[in-house]
Amino acid sequence: MGAAESHLPLPQQRRGSRRSSHCSFNDAECRLRKSYSKLPDVIDYGEDALDCQPRSSSIPSDMMGSALNFLADVEFPYENVVFEGGGSQGTAYIGAIMELERLGHLEKLRRFGGASVGSITAALLAVGHTSEKFLDVMKNGPFFNDALDARCGPCSMVPNFLRHLGWHPGRSFYHWMGEVVEEKLGNPDATFRDLYEVTGKELCVVVTNLSLKMEEYCHVKTTPLLPIRAAVRMSMAIPGELEHRKDGGGVFFPFQWRYIDRTDVYVDGGVLCNYPVHCFDGWWLSMKPEDSFLRRLQPLNDVGKLLTKKVRFGTFNEKTLGFILFSDHDQHVLATNPALLPSPSPIPNTRLARAHQTFMKQHEMELRKHRIKTDAMTRFVKVLNDNNLDGNDNIDIGEFRRACAQTNEFTSYHARALFGDRLMSATEMFELLDINKDGRLDYHELMNLAEWNGVGIQTHLIGAGRTDIKNPTDLITSLFQSLVMNVKRSFLESDDNERTVLINTVYMKCLDFDGDPEDWEFLVEQGRRALQAFLHLKRTLAENTGKDDTEKCNM
C-alpha cells in the first residue's frame with residue numbers, strides 16, 4: 001500500500017544539498033523531454049552507473065531506440081487504466097504516462113482507477129492533466145514534507161492521535177488536490193458526477209471504510225455527490241507508521257464523512273485493496289442501463305449473494321490495463337514474466353542507490369548459500385526416498401545408512417552444507433535428526449533440518465520471505481506487510497498477469513521520499529521502459545499468433 005502518501009510524486013527535498021533542487025529538476029526534465037525526441041540506438045550507462053543493474057528484459061538494449069516506431073502500431077484496445085499504491089515509487093507512473101502520450105494512447109482512456117498514490121495519479125489524469133503537470137510537481141513540489149502539516153511537529157503526535165486518531169491533518173494536501181481539480185473542472189469540490197457530466201470520464205478511488213470494515217469504490221455510480229478531493233484524501237490516510245523515518249513519518253488523520261445520520265471513518269484504500277485492477281470488471285461500476293442497481297439488486301432477499309465480489313466483478317474486462325510497482329526489497333505477488341521486466345536503466349550514483357548496492361551484495365551472498373543448501377537438501381531427500389524400500393512414511397537406521405553410502409548423489413560436500421564442517425558418521429547424523437528418539441525419521445523431522453538450514457520448503461513457498469522481528473517498528477511493519485500481501489493475493493486472479501505492466505523500481509522503496517533528483521529521473525525512466533516492455537511482448541505474441549494461423553492455413 002502507499003504508506004503515508006500525500007500526492008504523486010511528493011519527493012522530499014533534501015536539506016543541505018549542495019545542488020539546487022530546482023536546477024537539478026530542470027535538467028532532469030530537459031533530459032526526459034529530449035529522450036522522447038531523439039532516443040539513442042544504444043544505451044550508454046555512463047560513468048555514474050553502478051555495477052548492480054536491474055534484471056534484463058526480452059528487449060535488447062540496442063533496440064530501445066529503433067523499437068519505438070515499432071511499438072507505435074501495436075494494438076492498444078484499452079480504455080481503462082488502474083494504478084497500484086506505492087508511495088514514492090509512484091513517481092515511475094510519470095514515465096508510463098509520457099509514453100502513453102507519445103504513442104497517442106492517453107486520449108483513448110475513459111476510465112481511471114487507483115488506490116493510495118495510485119488514486120492521485122488516476123484523479124489527475126481523469127480531470128485532464130497530462131505528464132506536464134506531473135513533471136511540474138516533481139520539479140517544483142509540493143514535496144512530501146509540505147504535506148506533514150501538524151502545527152507543532154513531533155509534539156503534536158500524542159495529542160492529535162488522542163483527539164483525531166492521526167498525526168497530521170492533511171489540510172495542505174486537501175487544498176492542493178482541490179487546486180488541481182479546479183484547474184480543469186472549475187470547482188475545487190467538483191464531484192464524481194461533475195467529472196462524468198463535463199468530460200464523460202469515470203474515476204474510481206478505492207478507500208477503506210473502517211466503520212464498515214470493508215473497501216469501498218468511490219465512483220460516479222456509487223458516490224456521485226462526493227468531492228473528488230475528499231475521496232483521494234481518504235485513500236491516502238495511512239492508519240499508522242509503517243517505517244521509522246528521521247522526519248517522523250507522516251500519519252494523516254483518518255477522513256470522516258457524514259452520510260445521512262452516520263459518520264464513517266475512512267483510511268488508505270491500500271489497506272484492503274492496493275491494486276484494484278478488477279474495479280472495472282463485471283457490472284458494479286458499469287454505467288450501462290441494464291447494470292443499474294435497481295435492476296441488478298433483485299430479488300432483495302438474495303442481496304447478500306448479489307453483493308459478493310465474485311458476482312459484482314465476475315466478468316473479466318479485457319479493456320483494463322493495470323500498473324503495479326515492485327522493488328528488489330518487495331515480495332512480488334504476481335508471477336513475474338521475464339519478458340515484462342523493464343529493460344536495464346542506468347542506476348545513478350546516489351545515496352539510496354549505493355545503499356542498495358550494499359544490500360544486493362549481501363543478498364546475493366545469502367542467495368548463493370541458500371542455493372547450495374537447497375541443492376544439498378534436495379539430494380538428501382532423494383537418496384532417502386530411493387532407499388525407502390518398504391515405501392512407508394519414515395526412514396529407519398538401515399535405510400539411512402544405505403542412503404548415506406550413495407556418495408555419488410549425496411557427497412561429503414552436501415553433507416557439510418547440511419550438518420556443518422565436521423564430517424559426521426551416518427549414525428551421528430541419524431541421531432541428530434531423530435528428535436523423538438524412536439529409531440525412525442519422519443517427514444517433520446526432515447523438515448526441521450530444512451528449516452534449520454534456512455531452506456524452509458513449506459514456509460518459503462507458501463509465505464512471503466522471512467523477516468527478523470527485533471523492535472516495535474519491525475513488528476508494525478511486518479503486521480501491515482502481512483495484511484497487505486495476503487489481501488492483495490485475495491483480489492488477484494491468474495488472468496491479471498495479461499493486463500498488468502510491471503514497473504521495477506529496483507532500489508527505490510515506497511517510503512524513500514528523501515531521494516535525489518537523479519533517483520526520481522530513474523523512476524520515470526523505469527516507468528517508460530516498463531510500458532515499452534509490455535507493448536513489445538504484446539506485439540511479439542500477436543506476430544506469433546499470426547504465424548501459427550498462417551501455418552495452419554498452409555497445411
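In case you wondered, yes, glycine gets a Cβ from its N, Cα and C as well.
Looking at 114-118, 364-368, 394-398, the range annotated in TrEMBL as motif 'GXSXG' turns out to be 114-118.
TrEMBL lists motif 'GXGXXG' at one of the ranges 85-90, 493-498, namely 85-90. Within the motif 'GXGXXG' (85-90), the DSSP-based counts of helix, strand and coil residues read 4 helix, 0 strand, 2 coil. For the motif 'GXGXXG' (85-90), the mean pLDDT of the prediction comes to 90.
Note: the Cα of Asp268 (active site, proton acceptor) and the Cα of Ser116 (active site, nucleophile) are spaced 6 Å from each other.
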